[in-house]
Amino acid sequence: MKRSIPELLQSEQPLVMVTAYDYPGGLHAEAAGVDMILVGDSLGNVVLGYESTAPVTLSDMIHHSKAVRRGAPQTFLVVDMPFGTYHTGVTDAMRNAVRIIQETGADAVKMEGSTPEVLQVVDTLSRNGVPVVGHVGLMPQTATAQGGLRVQGKDDDTARRTLEGALALEAAGAFCVVLEAIPARLAKLITDRLQVPTVGIGAGINCDGQVLVTHDLLGIYEGEEKKIAKRYAEVGRVSREAIARYADEVRRREFPTRENSFVMKDDVLDKLY
């Protein structure tokens, strides 16, 4: 059964969140019993083949989120608001967030940053019944302005801004805050200071929950394992090997076999000659 926001807030165990981008992703995540599913704009990187999340559109997010919801009707669903959908004013942000909730069946939206403009959006959405997940630390949508995809909060300035940003998001009405790629001790400090849950990715063990990109934890893409993730399977290698075996059997005329084929009666076939 889907957990409500109060139930998530009162959880005594660490919250488990994974990403999903399609029907089977939602299906498997729900069957595994995760607490929350995030349809992240990371779909731009891991599904659509973009170099960043910037090209991902609102239509992309809605399309993929609807598929995830069909696969996971009973899991709390959070949908990223992609770049540009909450940066042009509160009215536009409200309209876009309502579209996401109405068209996908999502339970909450997520947005990055803690600028005054973003905080105003968070405040307006939360006061109007749209639950919001905040996000501080490394923010992929604007990573170029942060000096690239690298750890945040290791110096006095960025550590203080990260802490203050998380506190400001809570004050604005965010019911949960994602902490990405920050030192573990900073994440613990933020978690201790906040009354709402923190969900970490590359933020150490002391957050109230953890999130991973499913493609990372399944090993869908082969190569070096990311520092912030752990590979629990080798789905990429297994998939490649399976497709190669299929191709080999087709070329050797070993597939399909009789077991994979349909039959017909001799007299029916004879009438065709």
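Every residue number used here counts from 1 along the chain in the order it is shown.
Keep in mind that glycine also has a Cβ here, set from the backbone N, Cα and C atoms.
Annotation comment: Swiss-Prot describes E180 as active site, proton acceptor. Residues or ranges marked as 3-methyl-2-oxobutanoate binding site by Swiss-Prot on the basis of sequence analysis: D41, S42, D80, K110. Annotated Mg(2+) binding site per Swiss-Prot: D41, D80, E112, in sequence order, evidence recorded as sequence analysis.
What Swiss-Prot annotates, mapped onto the structure for a quick look.
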residue: D41; record: 3-methyl-2-oxobutanoate binding site; DSSP class: coil
residue: D80; record: 3-methyl-2-oxobutanoate binding site; DSSP class: strand
residue: K110; record: 3-methyl-2-oxobutanoate binding site; DSSP class: strand
residue: E180; record: active site, proton acceptor; DSSP class: strand
Cα distance (Å, whole number) from S42 (3-methyl-2-oxobutanoate binding site) to E180 (active site, proton acceptor): 13
CB within-chain contacts under 8 A for D80 (3-methyl-2-oxobutanoate binding site), separation at least 6: L38, V39, G40, D41, S42, M61, V109, K110, M111
Check: same-chain CB within 8 A of Mg(2+) site center, minus D41, D80, E112: G40, S42, T53, V56, M81, P82, F83, K110, M111, H135, P140, Q141
Candidates D41, S42, K110, E112: member of the binding-site residues with the richest Cβ shell (10 Å): D41
For E180 (active site, proton acceptor), the number of other Cβ atoms found within 10 Å of its own Cβ: 23
